[in-house]
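For reference, TrEMBL has these:
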DOMAIN    A:64-277  domain 'ABC transmembrane type-1'
TRANSMEM  A:67-89  transmembrane segment
TRANSMEM  A:101-121  transmembrane segment
TRANSMEM  A:153-173  transmembrane segment
TRANSMEM  A:204-224  transmembrane segment
TRANSMEM  A:256-276  transmembrane segment
Amino acid sequence: MRRARVPWLFVAPALLLYAAFYLAPTLLGAGYAFTDWNGLESPSFVGLDNFSRIFGEAEGLGALRHTLVLCVLYVVAVNVVGLGLAVGLHGALKTRHVLRALFFAPVVVSPLAVAYVWKFILDPEGPLNRGLEAIGLGTLAQPWLGKPATATAAVLVTMVWQFSGWSMVIYLAGLQSIQAELYEAAEIDGAGTWRRFVDITRPLLLPALTINVSLSLIAGLMVFDQVIALTGGGPGTATETIATQVYEQALVNGRFGYSAAMALTLAVAVGTLSFVQMRAMRRQEG
Amino acid sequence: MESIVLREIVKEYTPGVPAVDRLDLEIESGEFVVLVGPSGCGKSTLLRLIAGLEQPTSGSVEIAGRDVTGISARERDIAMVFQNYALYPHMTVRANMGYGLKVRGMRKQEVAARVEEVARMLGLEQLLDRRPATLSGGQRQRVAMGRAIARRPQVYLMDEPLSNLDAKLRVSMRAELDRLHQRLGVTTVYVTHDQVEAMTLGQRAAVLRAGVLQQFDTPQTLYARPVNAFVAAFIGSPAMNFAIGALDGGELAFAGFRVPLPEGLRPPVRDQERVLVGLRPDALQDPRFAPADAVRVEVEVAVREELGHETLLFLPVACEAGDAAAIRAVTFEPDQGATSLTPDGRSLFCARVGAGFPAPVGSTATLALSPASLTYFDLSDGSRMESRGTTQVH
Ligand SMILES: Nc1ncnc2c1ncn2[C@@H]1O[C@H](COP(=O)(O)OP(=O)(O)OP(=O)(O)O)[C@@H](O)[C@H]1O
Ligand SMILES: [Mg+2]
């Protein structure tokens, strides 16, 4: 046997399993995107029909739009909060270790569980409205999950609340990799607090920012659990996202082909956007 | 005029544990001063207090006639070279050197011109567009120096800037530093734990131990007239030899030697009173070149170190039990210092002789010891004692 083949023997078992249970279904799924399969009858090829429907039907377009809006807001919010927490908890604060653990804690809970807790809090009869009434702000009490704007905000808040600790940890690691002497050198060079942040922290934190943005971008594009648990896509279809549509179209409406097309669209979007974003930011890092 | 004045400076990181203790120091304008002392003695702390990176627990700092106590590093007109250089890794050499000027609002062309000028001075022209990560240790060190020079501050502060360089580069950078100081004439405070740097670089050196200033003087004075046994042991390489001795009639008995002392060269102690005797390695000489009053001593040669232009001889001499500990108590040397003991409990003296001195290992050599080269220290507090009847011992 030729030497070059030997390594393949070792990888073969893993490769076979991977091909059978991951690669094949993925490729098959991608294939269904070009058919009208409904899960029962045998599929027939329909070309790009499914895709033109996604970009033509109100449902599909709506899901795309909601996903993009949620994603952009999520990327911004989770990074702003995460960075804020990291900067705040990087310094000499006595309780910083406890606080770091506290802010990271939600990350390890199941997103569904977190979303159900928030659903309870935001219930018309829930603690939030009761609390508002108790402090005399009863006029602000409202059916939070019953209106499109607040329902979207609720999904966003739930996600940010859970995952800003994750982003904080990545930023903290970034901050800790910056030598303390650099700040001292900059101070001696005449830079004040803000200047040091802009000239030292910001550029040296770019790698952490790149990772955080791509992670949150992917999480934002694929948002599913929070929507399903909090709003079920409602009110109406106000919070439907691509991922919830993939699920509903296939398993509720039996439009497997359409759903596969949507999933493929999502996969391509995630791939392209994170690639473009990584490229752009790596260039910045220089 | 004084450029830096420290008054009664105390710095406690932990309350009750002073890292710098009631320290007074006046540095002349344009002077090159070295802060030297063993690890942990408070050199960096003192430098950071001058820089404004730390604030004193009590006492005051004055720079160029202005009281800057409590004022941040930003507003003190100083530049610092850090031990690990602390170059901005994301900026080019050019940007590193110009950063302080840019922050202080200097116009772009002026910054560029100043950076070019300093780069020429330090031979950095070819490296201006490189990042620090792509430079060698010596180049980084020069960039760090350049960043400080470009600023043209009142004071340069340097914290062991040469310690990361190899021995050869260190020697050439030392010469370069000297040249730069001559040319720029800016007050410089230079921290090192290397007594060779202290001897060669500074116009004056401040010797610290445990946060307390021991002596602040020219290197020559530190060497010839140390105020105490600690300074005597710290300055000079190889280090001074120590032994405990006593006057016995007109003779000084120490380390198994008996040296007749003329009236004027006797330590100011009573007969039989214990006194710490110090002698530099060159006090034990080749008899052919010794002064007329030198005494011959016979010593065994345990180790010979050929250094090319000279030879070091290590000579076991008598040492009574407990003497080594008593000596260390006032010289504050670590165990493996100059008073290290041989397995049979003798202490090792070091002699510096000519390269061809005929004394093979294991032989007994005859060396000359001049009474005038002996230094005496009080065993109770380590302070140096002037010989009776003289004011000047050299
Ligand atoms: N930030 C700090 N917090 C607490 N103690 C400190 C701090 N910095 C220094 N010390 C203590 O102060 C003393 C003096 O430290 P310093 O760094 O000034 O010594 P040094 O003379 O520069 O030593 P080295 O030659 O090893 O650099 C040491 O005992 C050290 O442990
Ligand atoms: Mg130090």
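Counting begins at 1 with the first residue displayed.
A Cβ is built for glycine as well, from the same backbone N, Cα and C atoms used for every other residue.
Those TrEMBL annotations? Automatic predictions, nothing curated.
Contact between the transmembrane segment (A:153-173) and the transmembrane segment (A:67-89) holds: at least three of their C-beta pairs are under 8 Å, each pair 6 or more apart in sequence. Listed by sequence, the residues of this chain that lie at least six past the ends of the transmembrane segment (A:204-224) yet keep a Cβ under 8 A from its Cβ atoms are 67, 70-72, 74-75, 78-79, 82-83, 155, 159, 163, 166-167, 170-171, 173-175, 177-178, 182, 241-244, 247, 266, 269-270, 273-274, 277-278, 281-282, 284-285. Proximity of distant same-chain residues to the transmembrane segment (A:256-276), defined by a Cβ-Cβ separation under 8 Å and at least 6 residues beyond the stretch ends, is recorded for 29-39, 43, 46, 50-51, 53-54, 60, 63, 214, 217-218, 221-222, 242-243, 245-247, 249-250.
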